[in-house]
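A.B. asks: Take a look at this one; I'll ask things after.
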Amino acid sequence: MAAGPRNSVLLAFALLCLPWPQEVGTFPAMPLSSLFANAVLRAQHLHQLAADTYKEFERAYIPEGQRYSIQNAQAAFCFSETIPAPTGKDEAQQRSDVELLRFSLLLIQSWLGPVQFLSRVFTNSLVFGTSDRVYEKLKDLEEGIQALMRELEDGSPRGGQILKQTYDKFDTNLRSDDALLKNYGLLSCFKKDLHKAETYLRVMKCRRFVESSCAF
């Protein structure tokens, strides 16, 4: 392996292991670039985990002939579709960093309850062999986004919560067709919401710190 890619992998692993600053002023401030790098890496990891789990669940439980029709029916299922959040990179670029951070936080917080039931659904899953840690990973990303908000907010009052609903918990009765469809829909929303959060964070990072990886 060439030195460049190997060093990049080692740097990414090191950043994932870094803790977030707990209180502003308690410890030397982490550079804003590092806060963004940490948040983006965590969001990418969670989005990939969600995408892999969705595909694995689909292969295991959803007949191939039914997938397209079910996916179309899921289009209006996600609670996050009811908030005025950007739907893609171009729309995200029209919003301020503080707005994007608030939307990211709302998306992450809406899953903190449901994912606590995820390990019961995927007890034998190859992807979710460590599924009991998904909640901790989401909490870690939540803390990172909150750290960025503390750095970027100018002291103006925060806007009210836009999304007060959370998602239903995952159903552990996998012998029920209704439960399978419910879990399939939830996993689809989980994947979509984490993709949005990752996109928002990458847009913010790229426009603040111009870099070659901004094309996505």
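Glycine too: its Cβ is placed from the backbone N, Cα and C atoms.
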A.B. asks: According to Swiss-Prot, which candidate among Cys17, Cys78 shares a disulfide with Cys189?
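C.D. replies: Swiss-Prot says the disulfide from Cys189 goes to Cys78.
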A.B. asks: Work out how many Å separate Cys214 (disulfide bond) and Glu198 (Zn(2+) binding site) at their Cα atoms, rounded off.
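C.D. replies: That separation, Cα to Cα, works out to 13 Å.
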A.B. asks: Where does Cys206 (disulfide bond) sit in DSSP terms: helix, strand, or coil?
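C.D. replies: In three-state terms, Cys206 (disulfide bond) counts as helix.
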A.B. asks: Could you measure between His45 (Zn(2+) binding site) and Cys189 (disulfide bond) for me? Cα positions, answer in whole angstrom.
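C.D. replies: Computed Cα spacing between His45 (Zn(2+) binding site) and Cys189 (disulfide bond) is 16 Å.
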A.B. asks: Between Glu198 (Zn(2+) binding site) and Cys78 (disulfide bond), how far is it from one CA atom to the other, in Å?
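C.D. replies: Rounded to the nearest whole number, the Cα-Cα distance is 17 Å.
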